[in-house]
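Only one structure is covered here, and it is reproduced in the block below.
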Amino acid sequence: MKAIAYAKINLALHLRRRRKDGYHDLETVFAFVDAGDLLSVKTGQAEDRIEVVGEFAGALAGAPVGDNILAAALNAFPRPGANGPDGWHVTLEKNLPVAAGLGGGSADAGALIRLICETYGWPDDWRERAAKLGADVPACVISQTCVGTGTGTDLTVVESDLTGMSVLLVNPRKPLSTGPVFKAWNGIDRGPLPKGSVREQAVAGRNDMEAGARTLVPEIAGVIGALKGTRPWLARMSGSGASCFAIYDGEDQRDAAAAEIAASHPEWWQMTGKLL
């Protein structure tokens, strides 16, 4: 079995307030790119096993087993015979940078949960189980354009007028953890998501985490500036950064932008795709 862990982007991300439990109430528009990490699964194994390969496998090396979100996903969803005749050998090809604002581990967990539930059935409480693994995981399981509220786990799937749009993802190869970016937010509520189509929400929206992220990784400003220089109709930081995205009306324009940025900044990571 195989699955793509689709890269997640936040077309808009509005922070509303800090909660007493340490989390934040937010409003966001999730969208997904038709590229990302790749999962391959062999069933019928003696026990569960996880192997990580690919460009960013080294970023996960040495992490405690208890911190592995794929192991947590395997344990969170029922699989008859998981510890006997039907263990899963999961191979993750890690193509997305780690701590990058693209869903990363949440996308990996979402893809694995889809495989488990498509094989054994969807438990009624799958959303709650997924949310315990991370706030972005339920959205990554769905991997459709949706509006997230609360901590991002209350989801409404919406019809998107952006499906098929060409996307360029760029990261300055600077990992950025979510916690410090939330702490860097000034706490000012700048208002809810705008009304309208997904494209209208994206254009009129904002990412309230960007200002704080720039103080931690100043290169973000350069990435956004370079992307805007290629004349997309939208360029913005995704999630808590440091990855940024640009959306173009045409594939040729996107590919020309990718070539331009690769020539001027060969040290930056990039990936191209289309919105699902």
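Heads up, the Cβ atoms here are built off N, Cα and C, so glycines get one too.
What you are looking at is a predicted structure, and each value in this text was computed from that prediction instead of being measured.
The annotation active site is assigned in TrEMBL to K8 (among others). Residue density at K8 (active site): 25 other Cβ atoms are found within 10 A of its Cβ, drawing on all protein chains shown.
For the domain 'GHMP kinase N-terminal' (72-142), the number of residues in each DSSP class (helix H, G, I; strand E, B; coil) is 35 helix, 7 strand, 29 coil. Taken from TrEMBL, the feature domain 'GHMP kinase N-terminal' covers 72-142.
Taken from TrEMBL, the feature ATP binding site applies to P97, V98, A99, A100, G101, L102, G103, G104, G105, S106, A107. Its own atom aside, the Cβ of A107 (ATP binding site) has 28 Cβ atoms within 10 angstroms in the protein chains shown.
The annotation active site is assigned in TrEMBL to D136 (among others). When other Cβ atoms within 10 Å of the Cβ of D136 (active site) are tallied across all protein chains shown, the result is 28.
Residues or ranges marked as domain 'GHMP kinase C-terminal' in TrEMBL: 206-263.
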About how far apart, in whole Å, are the alpha carbons (Cα) of G101 (ATP binding site) and K8 (active site)? 8
Which of P97, G101, G105 (the binding-site residues) has the most other Cβ atoms within 10 Å? G101
Using a 10 Å radius around its CB, how many other CB atoms surround G103 (ATP binding site)? 31
For the domain 'GHMP kinase C-terminal' (206-263), residues assigned helix / strand / coil by DSSP: 30 helix, 10 strand, 18 coil
Cα-to-Cα gap, A107 (ATP binding site) vs D136 (active site), nearest whole Å: 8
